[in-house]
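Undergrad: Starting off with a structure, shown below.
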Amino acid sequence: MSFLRLIVCVSGVYSMFLLWAIAQERLSVPFKSIETDKSDKFRSALFLGLCQSTLSSLSALIYILVRKKPEQTFLEALGIRKDYVPPPSKHHTNGSASNGKPPKPNTRYSPSSLLLSYLQTSFFITTAAPFGFAALSYISYPAMVLGKSCKLVPVMIMNVLLYRRKFAPHKYIVVAMVTTGITIFMGFGGESSKKHKSGGMTSDSPYASLIGITYLLINLALDGAINSTQDEIFSRYQVTGQQMMLFINLFCTLISLTLSVLPLPYIPVIHETPGGKSEMAAALEFIRTHPGILRSLLEFSVTGALGQLFIFETLKSFGSLTLVMITLTRKMFTMILSVVVYNHQLTLGQWAGAAVVFGGISVEAFVKRKEIHAKRILQEKEKAKLKSL
């Protein structure tokens, strides 16, 4: 059952986000204006995030209501339970639990604490996306993909630093193999790096590269904080992936909407609309004069929303490291599909990188299989003991 669920999650993530990637690529190219003959690029990353988070929260709410049990209240279906008390600690030897009384509610597990954790994650997500978008103005796309491919490292670092979480030794081996393999694959690519111009600097300028790498590192650090905070929420509270998806996207929508509507001054990366004009007004004006963007914007939002349902199911069932490995290997499969469809030629180094990645996945699959087999044997032994009694 666990293996079947993993297959469904992987298939859903791959299919939805392959379509999402196509829509994202369309959104990155200029759109022709109906008022003039020139074409312009859509630059509002905040508005893109607003559209996707709105549809994602709606899809999560619909999913929760459809799967809601008859005996559940609305708040219970949303994962907000005022009467929730965590199980007593294994090391707890005195206090109310030892006197036969139920343990006192702990504010650490209260609904307000849960909502605050959701808000914290939403803030990280809303802040991270513009930094990744801004990095592309200073570094080449291959360099961006190369950096994002190493996000396994910040996920583990943030888990250790923020929540003192430890991992099995084989996890570190898998992380090293997957990250190293994708690095080799991207590093041995034959495609020449592109030059970007931003603020009078091209991507081959050392200052531009420094700015781009700084933005990318901020984006990666926030990604690591996002994944580790989500792990902490799952381990501390009894919530489902779709409940988390609903509230995180709801808070993302509120944050993005607030930042988009307010006539804020120019803020690098976060609010780049000049002259105190709201980003919402600028985005809607662009859509009015460039209606060709509507289809791509809708595809981007819908596939992203459906993809997140699979993302959060994977995160809940298998953890952030498995999720990141799936998203990284999806990039690999996208590249291999591109080779088949467009007849690209891979270098020997790229094939070696692919082999290292699949080797890392094989290590994870082998260890998982051993763990499942050992758990099954233990369950059979326990059943045999019960029958003998």
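Every residue, even glycine, has its Cβ placed from backbone N, Cα and C.
Because the structure is a prediction, the values reported are computed rather than measured.
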Undergrad: Of the ranges 308-327, 348-367, which one does TrEMBL list as transmembrane segment?
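TA: Matching range for transmembrane segment: 348-367.
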Undergrad: With the transmembrane segment (114-139) as the reference, find which of 45-66, 208-226, 246-267 contributes the most Cβ pairs under 8 Å.
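TA: Top-ranked stretch among 45-66, 208-226, 246-267: 208-226.
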